[in-house]
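> Annotated divalent metal cation 1 binding site per TrEMBL: Glu117, Asp231, in sequence order. Residues or ranges marked as divalent metal cation 2 binding site in TrEMBL: His154, His182.
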Amino acid sequence: MLRRCFGMAMKYIDIGANLTDPMFQGCYGGTQKHEPDLHIVLERAWQQGLQKIIVTAGCLKDVDEALELASKDERIYTTVGTHPTRCEEFVPDPEGYYDQLRSRIKANRTKVLAVGECGLDYDRLQFCGQETQRVYFEKQLELAVEFKLPLFLHMRNAAEDFMSILERNRDKIEECGGGVVHSFTGTLEEAQRILAFGGLYIGLNGCSLKTEENAEVVRKLPNDRIMLETDCPWCGIRPSHAGHKHVTTKFPTVKKKEKWTAESLIDGRCEPCQISQVLESIAGIKQEPKEELAALYYQNTLDLFFGTAESKE
């Protein structure tokens, strides 16, 4: 039985959790370090106040695993799409690959909440070139329009091309209901361009809170355009992060993966339950009550992803 260590939990939705990552099966770098523990990770999340989790899918394999997971729990949903660093998967048979994404959405209307993770990532061009990323980012916008789904967007070191694609597809973005630029780590100017576009939110996690520059951007973001995420098993808030000094929720942690226990988190592996730390960090940076921010961010997420959930069947 897991302990609930930390008082009354507020209500959260994690908009970006990579629950299909092998780390949640106890596998790190291809080596099994401990038994699969996703069921324990999820129990800990529900105990901490998570009401819903949206699994991030970045390729067809992720999609199928995420849909299998979502089918077992009414609180779990998923995106369907192809991450910019994985867009080479389109190349051998672009239409065939697109049709496979399309078929997954069509067959799972109540579980698929967004098209994505899609966008541009110019930091990791060793996995996929710029032109291929641009072509298949734009192609995936057609899925969002067809199924009237919002977008779960990725932008890394590619603001100019990213915004250019959004601008020339403004009608499509409006038709699909907007979206969220997740795991935002950009400048204030980039954030302002995103928000000025209309219909777009910004997702914040531990990587959004690393530096004092990041914190200053977060401080100036309007609360009605913010959503919370963990991007687990990545993007936890580390002691070296600027936002760490505001974190009050502490979890038992083991330093070595081999020392895993059901009661403890593994140092360096983020979990959905740590979304409370993201909220605390933002609240501390903004110097606003975390309870009020939690309610606002929760409602923002309901508005974008769940506002038409009853009509998707």
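Backbone N, Cα and C define each Cβ position, glycine as well.
Whatever TrEMBL says is automated annotation, not expert-curated.
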> If you count other C-beta atoms within 10 angstroms, which of the binding-site residues His154, His182 is the most crowded?
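The most densely surrounded of these binding-site residues is His182.
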> Could you tally the C-beta atoms, other than its own, that fall within 10 angstroms of the C-beta of Glu117 (divalent metal cation 1 binding site)?
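A 10 Å sphere around the Cβ of Glu117 (divalent metal cation 1 binding site) contains 28 other Cβ atoms.
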> At a 10 Å cut-off from the C-beta of Asp231 (divalent metal cation 1 binding site), count the other C-beta atoms across all protein chains.
23
> Calculate the distance in Å between the alpha carbons (Cα) of Asp231 (divalent metal cation 1 binding site) and His182 (divalent metal cation 2 binding site), and round it to a whole number.
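With distance taken Cα to Cα, His182 (divalent metal cation 2 binding site) is 9 Å from Asp231 (divalent metal cation 1 binding site).
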> Where His154 (divalent metal cation 2 binding site) and Glu117 (divalent metal cation 1 binding site) are concerned, what is their Cα separation in Å, rounded?
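Approximately 6 Å lies between the Cα of His154 (divalent metal cation 2 binding site) and that of Glu117 (divalent metal cation 1 binding site).
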> Cα distance, His182 (divalent metal cation 2 binding site) to Glu117 (divalent metal cation 1 binding site), nearest Å?
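It is 9 Å, counting Cα to Cα.
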